[in-house]
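Chemist: OK, TrEMBL features for this one:
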- 5-109: domain 'Peptidase M10 metallopeptidase' (DOMAIN)
- Gly16, Asp40, Glu43: Ca(2+) 3 binding site (BINDING)
- His23, His38: Zn(2+) 1 binding site (BINDING)
- Asn32: Ca(2+) 2 binding site (BINDING)
- Glu43: Ca(2+) 1 binding site (BINDING)
- His65, His69, His75, Met83: Zn(2+) 2 binding site (BINDING)
- Glu66: active site (ACT_SITE)
- Asp153: Ca(2+) 4 binding site (BINDING)
- Ala203: Ca(2+) 5 binding site (BINDING)
- 293-340: repeat 'Hemopexin' (REPEAT)
Amino acid sequence: MLYSRRNEPCSSAFRGPNGDVAHAFFPTGDPNFVLEVHVDKAETWHIQLTKNPPGTYNLLQTLTHEIGHALGLPHTFREDSVMFAFVPEKTFPVQLTLEDVLSIQHLYGAKENAKVPKVITTTTPTTTTPTTTIATTTTKDVEMNLCTLRNVDTVLITNGRLYISHERYMWSINIDGETYKKPLLLTDYMKFFPKNFTRLTAAYQTPSGNIMLFAGNMSYTITYPRLTLVSTWPRSYTDLGIPDTARKANAVLNTNEGRTFVIYNDNVVGEIDDCSMNIVKYYHIDMIFPGIPHSVSSAFRYIDGNLYFISKNRFYRFNEFTKTVTASGKFDLGIFGITCPRRTDDATARSIESIRSN
């Protein structure tokens, strides 16, 4: 626990009085990661276990809130909770609500003789899709139709083109186009991938213009448009700050504010410093993207200025400035203004049927 002024040794320095009064590091999933709580010494703190005078901050209430973050609890909008997103009017006495107790028990379990009822958790079985080994390295034998996919792995927009990947294949689409051509085999253009490569899990373009790809438990930085691997890459997830216990990197995206986030283990968000290419801060997904499900499979910033998240065959349009989900629905290529051939066929069939009926 650190009690310091604005020159604290971390990536998010305090700005002095009336700024951020404290912050904490969110758990990364790594058992060796040291959780820290930082408190701004420049603020006026009330340290006694009594009601704090006007113009001061209650240290106990602040520490309880930040320790909650360090234990893995996100913000809540219940004003009586210690995890309320803002400094509440009433900060003394500091008391845990039923929601607070149940939330921490959900993460760490309850005592055997706990008076608070245990949390009943409904677990959705995870269906694992078996990996199909394809003997050939050409796209001739595979006629994969983008319009028939219920989900995609990555979406990348750069230089007036939209790149969509699914498994080992990628579609390159003109951003103003309404149709698409046959897919390209990723390993035909990116020969640095290992032989057991099956799919990309995340992709985004860095401020330098390079493209960062995530696959398996490795990350790759490549030049664009030459698609050559940058020296010192690939790197493991642990080199970036993702714990080696992480199951997968769900998605990565850069926002309109110039921040880059990687989502892993379904609900952990790491903020990437694009200069050092390391994660500098960790959050729960509810803190950064409230309303977005914990099972994101892809995320991207689109040309309309919104952030889009794809989860279980649905899309979620997110406004990062209001931090709200502004639209949600079944995912299809209509999001990108792409006309699917089968839609055209259906429309033609309806027209023929209409003519026949007349």
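We count from 1, first residue shown onward.
Each residue, glycine too, has its Cβ placed from N, Cα and C.
The structure displayed is predicted, hence computed values, not measured ones.
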Chemist: Give the sequence-ordered list of residues that share a chain with the residue listed as 'Ca(2+) 4 binding site', lie 6 or more positions from it, and have CB atoms under 8 Å from its CB.
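Modeler: Long-range Cβ contacts: Ser165, His166, Glu167, Arg199, Leu200, Thr201, Ser297, Ser298.
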Chemist: Can you tell me which recorded positions out of Glu66, Met83, Ala203 are within 10 A of His23 (Zn(2+) 1 binding site) by Cα, answering none if there aren't any?
Modeler: Glu66
Chemist: Recorded positions His65, Glu66, His69, His75, Met83, Ala203: which have a Cα within 10 Å of His38 (Zn(2+) 1 binding site)?
Modeler: Glu66
Chemist: Sort the binding-site residues Asp40, Glu43, Ala203 by C-alpha distance from His65 (Zn(2+) 2 binding site) and give me just the closest.
Modeler: Asp40
Chemist: Roughly how many angstrom lie between the C-alpha atoms of His69 (Zn(2+) 2 binding site) and Asp40 (Ca(2+) 3 binding site)?
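Modeler: Checking the Cα atoms of His69 (Zn(2+) 2 binding site) and Asp40 (Ca(2+) 3 binding site) gives a distance of 16 Å.
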Chemist: For His75 (Zn(2+) 2 binding site), identify the closest of the recorded positions Asp40, Glu43, Glu66, Ala203, judging by Cα separation.
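Modeler: Closest candidate to His75 (Zn(2+) 2 binding site), judged by Cα separation, is Glu66.
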Chemist: Among all chains shown, work out which of the recorded positions Asp40, Glu43, Glu66 has the most CB atoms within 10 A of its CB.
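Modeler: That would be Asp40, with the most Cβ atoms nearby.
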Chemist: Looking only at the domain 'Peptidase M10 metallopeptidase' (5-109), how are its residues distributed among DSSP helix, strand and coil?
Modeler: 24 helix, 13 strand, 68 coil
Chemist: When secondary structure is assigned with DSSP, how many helix, strand and coil residues does the repeat 'Hemopexin' (293-340) contain?
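Modeler: Summed by class, the stretch gives 4 helix, 22 strand, 22 coil.
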Chemist: If you count Cβ atoms within 10 Å of each one, which of the binding-site residues Met83, Ala203 comes out on top?
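Modeler: When each Cβ's neighbours within 10 Å are tallied, Ala203 tops the list.
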Chemist: List nothing but the one residue from His38, His75 whose Cβ has the fewest other Cβ atoms within 10 Å; the candidates are the binding-site residues.
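Modeler: Candidates: the binding-site residues His38, His75. Fewest Cβ atoms within 10 Å: His75.
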Chemist: Need this for a regression test: binding-site residues Asp40, Glu43, Ala203, filtered to those with Cα within 10 Å of the residue listed as 'active site'. What's left?
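Modeler: Near the residue listed as 'active site', where near means Cα within 10 Å, there are no binding-site residues at all.
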Chemist: Where does the residue listed as 'Ca(2+) 4 binding site' sit by DSSP, helix, strand or coil?
Modeler: coil
Chemist: Any idea what the model's mean pLDDT is for the repeat 'Hemopexin' (293-340)?
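Modeler: It averages 92.
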Chemist: Take the mean position of the Cβ atoms of His65, His69, His75, Met83, the recorded Zn(2+) 2 site. Which other residues of that chain put their Cβ within 8 Å of it?
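Modeler: Filtered neighbour residues, in order: Glu66, Gly68, Leu73, Pro74, Thr76, Val82, Phe84, Ala85.
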